[in-house]
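According to TrEMBL, the feature compositional bias 'Basic and acidic residues' maps to 132-145. Positions annotated as domain 'CCHC-type' by TrEMBL: 103-119, 123-139. The region 'Disordered' annotation in TrEMBL covers 129-185.
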């Protein structure tokens, strides 16, 4: 949600997104760092840690620790970070995320890809796509010198003694359950 000061005649502009929350997955975390302070130090090397996942806080999964972290998605996520023990030894902790917000390769804004970029040049006149040229458009295939479109065919499945046609009202095509009052399942 975006909230800004408003005055009559003033149209506020949306600020550009510069950060996004993601669940960082930390692997091979040494047991000495498997606590709230340790996770804050490790995730702090990547972004701004906010919350621990409940399974991490309860130490239910010692293989993967999950920390909600505010990051700049325009910066690449490191594969690993090094943490240093009080003794001076260094351990390598793996860093990953199941999801990263899209970043446009054209305008570098967070939240959309080049396919949805409002400032990206249109490269295909047929379908208004930015991802391919008119020559490679999948919607305008040539077949025997003329353009064609795939026609939607109504499928018709036949079973012994029955013919089934697709219907708009799917619930109406479901046969009623047999009454179990006869004692047969």
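Every residue, even glycine, has its Cβ placed from backbone N, Cα and C.
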*Long-range Cβ neighbours of the domain 'CCHC-type' (123-139) (under 8 Å; 6 or more residues past either end)*: 106, 114-115, 117, 149
*Quick one: average pLDDT across the domain 'CCHC-type' (123-139), no decimals.*
74
